[in-house]
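J.: One structure is given below, represented as structure tokens, and several questions about it will come after.
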């Protein structure tokens, strides 16, 4: 049979009365006794093909033997469908192909799940074990088409802006950057290990010192950390670095690139500039450093009520350097029973809150277990602070500021989902700026970098590294989309003395800093330009653009929540010979 002339999903009225050759998989087969209809599928979609003895008795005879997922090639004429059989839901729904020739290329056993049913409830482990079948589903095929369009758009934009695509090593040195490294033993250097990169951070800075000015890479990164729905042990990063720039330059470039991507991929115009808020403002208003701004329900500080009311929980929190904050679920008073609110209390307990106080606003005041503590003036103040109205449910947490933020921030998202407050069609981009440079780790009894050790402090805060490092702010910025951290960036330290000081604040001895990062400190001696950049999570970006809720749906061959590959059964044991070559012994 001749070469394929087009894809199944591209057969439309533009090809009427033309002969086409198609190759693909049998999606559906319907035998009407003397007539056989088959939906033939490839990556672009499917088209109805018809076997009729008037066209070819031989082709009809062969079609009687085909089953789901057989691989076939057909030749035939494109014709308009009978008006009663038109399918407006698919691009090919106006036409059909009257088959004159068919050849079975390959047969298929009955698949473990039906590929022609999109909304079936198939166990995810089965889908991942037979991922090559799962990827045949049109839903996932479209996801990966959009992933390709996304990377193409990114490359086109960065190429237009003068960026060089430069690869960095995959086998590199283990350095303490936050998560655990994946280690690779060296056969040649006994007892020594490479690490798979958590990011190309240091190498891209070295490329700036090398004079390349603008670098990017769409690169695999590896982190041995606990998994969540939006995390994978290996993930793809859009890594970008620029010389002679400030924070505004990098953010402006990032906005323009994302605006281009959304326009190219979804044909949606994203307004610029993106909204901005400081880290402190995000935590105050949303209880999160990656706020979802598609709905209201902000956290409201009502600590002054705690000072005035004779309610011990509120008063104790305020008197012990804590605070009282509230969120208002508009019109939700009748939707939540006492039992429902008990479940919400258990939910905030997960985030460290000792309890969840609440009142319902009614026409003549308040109802609920703490309503008796509210005098008339307190009710008026509550309504003034929160704009709560009759029918609203008001929920309070009184605790240390970090506990209040985490618990109410999480509760805000939970309520929004339960009350269907989120407009899923929105793409709300946001910059979070003015991050703390450092965080204090109570377990380690030392400071750790809030982003990474190479982030520059704000110029005016450099002196604070000696006196009050906890108050130093970073030249750092995160871009957030719909409540997910899409990417993070910063202006980097480009001065060896300041970098050495940063290592000192982080608890490195001079010898440790030299052993771990001596090559970077040496590079700073030879004229390092000011530089900064950003790294975006490609998998996460595609997840949000396609409306998926699980990162695994945007990765062709993902790992499970326990970091295993059900398809290949990785990780797996290796032979004694392999271990011996690497001078390794497994201790059970």
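For all residues, glycine too, the Cβ spot is worked out from N, Cα and C.
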J.: Among 281, 485, 580, 581, which residue shares the ATP site with 223, 224, 225, 232, 537, 538, 539, 540 according to Swiss-Prot?
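T.: Record check against Swiss-Prot: ATP site with 223, 224, 225, 232, 537, 538, 539, 540, extra candidate from 281, 485, 580, 581 is 485.
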J.: In Swiss-Prot, which of 197-200, 201-204, 205-208, 209-212 is labelled region 'Aspartate'?
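T.: Region 'Aspartate', as annotated by Swiss-Prot, spans 201-204.
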J.: Pick the one among the binding-site residues 225, 485 whose Cβ has the fewest other Cβ atoms within 10 Å in this structure.
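T.: Ranked by other Cβ atoms within 10 Å, the binding-site residues 225, 485 bottom out at 225.
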J.: Taking 223, 224, 225, 232, 485, 537, 538, 539, 540 as the record's ATP-binding set, what's the max Cα pairwise distance in Å, rounded to a whole number?
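T.: Taking every pair of listed residues, the largest Cα separation comes to 19 Å.
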J.: Is it possible to get the count of other C-beta atoms within 10 angstroms of the C-beta of residue 540 (ATP binding site)?
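T.: Excluding its own Cβ, residue 540 (ATP binding site) sees 23 Cβ atoms within 10 Å.
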J.: Kindly report the helix/strand/coil residue split of the region 'Aspartate' (201-204) according to DSSP, in that order.
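T.: Summed by class, the stretch gives 4 helix, 0 strand, 0 coil.
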J.: Given residue 485 (ATP binding site) and residue 451 (L-aspartate binding site), what distance in Å do their CA atoms have, once rounded to a whole number?
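T.: Cα to Cα, residue 485 (ATP binding site) and residue 451 (L-aspartate binding site) are separated by 13 Å.
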J.: Please report the DSSP secondary structure of residue 451 (L-aspartate binding site), reduced to three states.
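T.: The three-state answer is coil.
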J.: Note down the number of other Cβ atoms within 10 Å of the Cβ of residue 492 (L-aspartate binding site), including every protein chain shown.
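T.: Within a 10 Å radius of the Cβ of residue 492 (L-aspartate binding site) lie 23 other Cβ atoms.
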